[in-house]
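Here's the structure we're looking at; comments come further down.
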Amino acid sequence: MVRSNHIEQTDPKVHAAVRDERRRQEESLGLIASENHVSEAVLEAQGSVLTNKYAEGYPGSRYYGGCEHVDTVEQLAIDRAKELFNAAHANVQPHSGTQANMGVYFAVLDPGDRILSLDLTHGGHLSHGHDVNFSGQFYEVEQYGVEPNNGRIDYDSLANHATEFDPDIIVSGSSAYPREFDYERIHEIAADVGAYHLADIAHVTGLIAAGIHTNPVGDADFVTASTHKTIRAGRGGLILTTEEFSEQINKAIFPGSQGGPLMHNIAGKAVGFKEALTPEFTEYAEQVVANAETLATTFSERGLSLVSGGTDKHYVLVDLRDSHPDVTGSDAEECLHTVGITVNKNTVPGETRSPFTTSGIRVGTPSLTTRGFTQSEMETVGNAIVDVIEHSEDRDVLEDVSTLVDRLCEKYPIYD
Ligand SMILES: *Cc1c(COP(=O)(O)O)cnc(C)c1O
């Protein structure tokens, strides 16, 4: 699939860019917490003839003829999602995690209703009510944050905030909060104020599917997920809910906010979910977290401050202000890029710089774990990252790290 020569003949420019991107992935160390590498099987499903088929509606009830085979595919994706998360209902059509959140809001909120969610600079997501996103423009939003002293959510103050604000929906879940959410507690808080609870598990989909993180199904009315971060099912979104809300959710996605489903991506989800049901995937997810713990220990030993002091998840969030007040998140990101290490700059709680500069970096382990990295390689990579941050002007250090990156990439290829 990946090496097909049809693109080369039809469109040499796109072919060259795809080839270069493949090379970039193979020849650098990807530590962006929201990225991963899907299997050849998922790539093949996504590059299949299913992209040609219109299938508005749901399996067994479509607005187009000829849907018998795509029905099979979508039903497999649905059944596997239900099994992975022990959910009564799954909608596998959202084109992305943001579309999944839009579907939930559209299903149960009216314009002007109230959302209570985690602050973006404390780890929240744009689709949780940021003012540049539709969610901030259609709804009235207040945000909760983490405590300045320990970087953690204080659930008593969240309960008080909910009582004062009286939200219609409380959103749990984050892009950059390194600790697990207490879904049960948020469920109680939501029930007390008569709000829905939406758990957005976009980042930890795979950790929950593998059974190593708490599953919010049962404690949340709606669970939204992305299918391309810690789970390797290709780019897309997913909604899980109860029997009670199944119709409302289906209608909110189609015809409410999307048109025809991307059947090739749904095929990717079906295949990726099947892979996630195996014991090998559980081992993978355990290794992802073990690798993040190793990164946390390595960084701490080298004097870097971590938001919340460590991690329960697949990434650490480094706050550079204590150890390296003159190094911004974007300085670190750029310098690491020059030696073939990819991370992203990230805002930290109490951020004093702009989101384009930031004072932190987020460093994640899903991609390298897919390549086969274990704790010893992660310790090596963690030390290399600190070396680069500390000696960003020293050409010998940068050259040494560059050589190390080449060696590791060669030893752990992504695709054969
Ligand atoms: C990544 C993410 C999403 C989904 O993002 P898409 O890019 O729209 O797929 C949603 N919520 C959170 C918390 C995320 O981290």
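Just so you know, glycine gets a Cβ as well, placed from its N, Cα and C.
Lifted from TrEMBL, the feature list:
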DOMAIN    7-385  domain 'Serine hydroxymethyltransferase-like'
BINDING   L120, G124, H125, L126, E243, S354, P355, F356  (6S)-5,6,7,8-tetrahydrofolate binding site
SITE      H228  site 'Plays an important role in substrate specificity'
MOD_RES   K229  N6-(pyridoxal phosphate)lysine
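TrEMBL feature annotations superimposed on the structure.
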residue : record                                                  : DSSP class
L120    : (6S)-5,6,7,8-tetrahydrofolate binding site              : helix
H125    : (6S)-5,6,7,8-tetrahydrofolate binding site              : coil
H228    : site 'Plays an important role in substrate specificity' : coil
E243    : (6S)-5,6,7,8-tetrahydrofolate binding site              : helix
S354    : (6S)-5,6,7,8-tetrahydrofolate binding site              : coil
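The shortest Cα-Cα distance between H228 (site 'Plays an important role in substrate specificity') and any of the binding-site residues L120, G124, H125, S354, P355 is the one to H125. Separation of the C-alpha atoms of F356 ((6S)-5,6,7,8-tetrahydrofolate binding site) and K229 (N6-(pyridoxal phosphate)lysine): 23 Å, rounded to the nearest whole number. Candidate recorded positions: G124, H125, L126, H228, P355. Those with a Cβ under 6 Å from ligand 1, in sequence order, are H125. G124 ((6S)-5,6,7,8-tetrahydrofolate binding site) sits 16 Å from the residue listed as 'N6-(pyridoxal phosphate)lysine', taking the CA atoms of both as reference points. Counting neighbouring Cβ atoms within 10 Å of each of the binding-site residues (L120, L126), the lowest count belongs to L126. Sequence-distant neighbours of K229 (N6-(pyridoxal phosphate)lysine) (same chain, 6+ residues apart, CB-CB distance under 8 A): A33, S34, E35, N36, A202, H203, T205, G206, P366.
Here P355 ((6S)-5,6,7,8-tetrahydrofolate binding site) comes close to T121, T347: these same-chain residues lie at least six apart in sequence, with C-beta atoms under 8 angstroms from its C-beta. Taking all protein chains in view, 23 other C-beta atoms sit within 10 angstroms of the C-beta of G124 ((6S)-5,6,7,8-tetrahydrofolate binding site). In this structure the residues listed as binding (6S)-5,6,7,8-tetrahydrofolate are L120, G124, H125, L126, E243, S354, P355, F356; their two most distant Cα atoms lie 43 Å apart.
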